[in-house]
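Visitor: Please read through the structure below; I'll follow up with questions.
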Amino acid sequence: MKNINPTQTAAWQALQQHFEQMKEVHIADLFANDANRFAAFSATFDDRMLVDYSKNRITSETLEKLQALAKETDLQSAIKSMFSGEKINRTEDRAVLHVALRNRSNTPIVVDGKDVMPEVNAVLAKMKAFSERIISGEWKGFTGKAITDVVNIGIGGSDLGPFMVTEALRPYKNHLKMHFVSNVDGTHIAETLKMLSPETTLFLVASKTFTTQETMTNAHSAREWFLTSGQQQDVAKHFAALSTNGEAVSEFGIDTDNMFEFWDWVGGRYSLWSAIGLSIALSIGYENFEKLLSGAHAMDRHFADTPEEKNLPILLALIGIWYNNFFGAETEAILPYDQYMHRFAAYFQQGNMESNGKYVDRAGNPVSYQTGPIIWGEPGTNGQHAFYQLIHQGTKLVPCDFIAPAVSHNQLGDHHSKLLSNFFAQTEALAFGKSREVVEKEFADAGKDAQSVEHIVPFKVFEGNRPTNSILLRDITPYSLGALIAMYEHKIFTQGAILNIFTFDQWGVELGKQLASRILPELADAAEVSSHDGSTNGLINLYKSWR
């Protein structure tokens, strides 16, 4: 990947000039001037997904200039580098190949002169065999009973992805009950174990190194709980490992035959497609897990092969850069109108902020422009009764992605029609608003005297011109969810490539862990500490006096 400062390109300068022409343009006028705007500013994927980006503060000229930025920063070369196994994560000297995990075409992908696909396929085959034994009941616990509950113990990418997907695909789940434990706060594991029986519980310990503090603390507590009923030799029937550290796995008591490997070129927040997704395969069955991979692979091909003007991840990435760097928008909201998707925003909060929350470029120099945005969101319509007020009438510009399926898995009365009426209404309201004239007319039509309501009119005005993307899926299936996740992954990659940052490391998580490891021994006794700054000393000493 090349090291090109985007602000030094001719395209960036052209975008700055273009912004001066666009900053006061209203979305309503863009529609008024172009009867075909929806058709021109939307694109489909596989006849299963439509992305409508027409309600944005953009014109065809805007997109041309943004695409020129992608060309001048050599985005296509970066895409080829990732797909070909080049070590684009240079700070850790690693390839970035989550695309290999779902490479359903099985074409060779080479890292260090070796095709990785045979190993990928071997782990998938092992996951298939294992999941089928658990689901069928062939696998027995230490008292001869079948497994009924599965507890995934992980954190970050080893938790967020599998949890999000198993929730999003609950309509496809089998009889196994899934539980996810991540927080080192003992409450999380304690509350989970209260409802379980050691005889019928399987634990998946997800840690590449088998040393992650939070995960291993929870894993040891789970083992202690298990050993109140079972024996040490029974651990192997109730614990499996998603790891690469065979020695540590064996020492823990897990049979290495039940260790599922993944590789350095699998980043944590891109790992649900790997052995880390074993909980997904157990929840929805391996066949559906394969469909998830297939949907993601189809989006990979779309991303790699589709021209930029119709390439969904690239379009979304460019529009995001437009708002973040030219309009000064600091956040993006992800708003799924589907209750099963309630963890989707949280998943891509990590996916985006841990990937592109960087302040130095690929040359190690501080940047003079905006990199990753703040990502947040909740399912609709709950968010409408929480934070939409600020999106509609606040002083912050918050570009939003609205996501909804046309067909619900629960055809309950008119629930889905009501849900989707809100989905359509919100993007219309955000784009077009309600003028003072309309507010005054509504009062007049209601028989109100203009003078008597004059004081309230300003509060009922909606300026509009708030940008949104609408992502409409036929329905949420393993295949379509896989494609949707991959689309957002590639959007994040595209933004990082153009903005000249390393997307696939996460050094920002290290300092806090390092300091915590120094503080932990200081909490072992009641002695006052004085080795930190005044605030930290004061907090630690008060904690010691209160505990």
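The backbone N, Cα and C atoms fix where each Cβ goes, glycine too.
What you are looking at is a predicted structure, and each value in this text was computed from that prediction instead of being measured.
The feature active site, proton donor is assigned by Swiss-Prot to Glu354, with sequence analysis given as support. Among the features that Swiss-Prot reports, active site is placed at His385, Lys513.
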Visitor: Pop the Cα-Cα gap between Lys513 (active site) and His385 (active site) into the table, whole Å please.
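Guide: Just about 37 Å between their Cα atoms.
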Visitor: So if I draw a 10 Å sphere around the Cβ of His385 (active site), how many other Cβ atoms end up inside it?
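Guide: His385 (active site): 9 neighbouring Cβ atoms within 10 Å.
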Visitor: Just jot down the residues in the same chain as Lys513 (active site), at least 6 apart in sequence, with C-beta under 8 A of its C-beta; none if empty.
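Guide: In sequence order, Gln213 meet the Cβ cut-off.
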Visitor: Can you name the residues of this chain that are 6 or more positions from Glu354 (active site, proton donor) yet have a C-beta less than 8 Å from its C-beta?
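Guide: When sequence neighbours closer than 6 are ignored, Glu354 (active site, proton donor) has Gly156, Arg269, Gln506, Gly508, Val509 within Cβ distance under 8 Å.
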